[in-house]
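Starting off with a structure, shown below.
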Amino acid sequence: VAVSADPNEPNVIVTRLTLVCSTAPGPLELDLTGDLESFKIKISFRYIQHTYRKGVKIDKTDYMVGSYGPRAEEYEFLTPMEEAPKGMLARFTDDDKTDHLSGERNLTIKK
């Protein structure tokens, strides 16, 4: 990624979003440098994840990603590993024996 010293350029340029799951075949990587018409992404320096069970919020995880000074190399932030909820209602295979964990992923990033 080329680094620009133009004062008219934005201070922060987000070039990539990568989602990592230890049981997935590989990371899901979104290139944010090309045509972004199909993406609706809001970038902030805070990562918040809500966990719901039967429509009720049971957990909220909040990470401060940080503040970074300018440099030529890209910065990388990796959140700590998280464990999915356990129990009868928290499963990846439903009553019809459909395995949701190994299927195609859908990602919704919204406010």
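Along the chain as shown, residues are numbered 1 onward.
Just so it is clear, glycine is given a Cβ too, placed from its N, Cα and C backbone atoms.
Feature table excerpt (Swiss-Prot):
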| type | residues | note |
| --- | --- | --- |
| CROSSLNK | LYS57 | SUMO2 cross-link |
| CROSSLNK | LYS57 | SUMO1 cross-link |
| MOD_RES | LYS60 | N6-succinyllysine |
| MOD_RES | LYS60 | N6-acetyllysine |
| CROSSLNK | LYS60 | SUMO2 cross-link |
| CROSSLNK | LYS60 | SUMO1 cross-link |
If you draw a 10 Å sphere around the Cβ of LYS57 (SUMO2 cross-link), how many other Cβ atoms fall inside it, taking every protein chain shown into account?
9
Taking DSSP as the reference, which of helix, strand or coil describes LYS57 (SUMO2 cross-link)?
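LYS57 (SUMO2 cross-link) sits in a strand per DSSP.
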Have a look around the residue listed as 'N6-succinyllysine' and count the other CB atoms within 10 A of its CB, chains all included.
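A count of 9.
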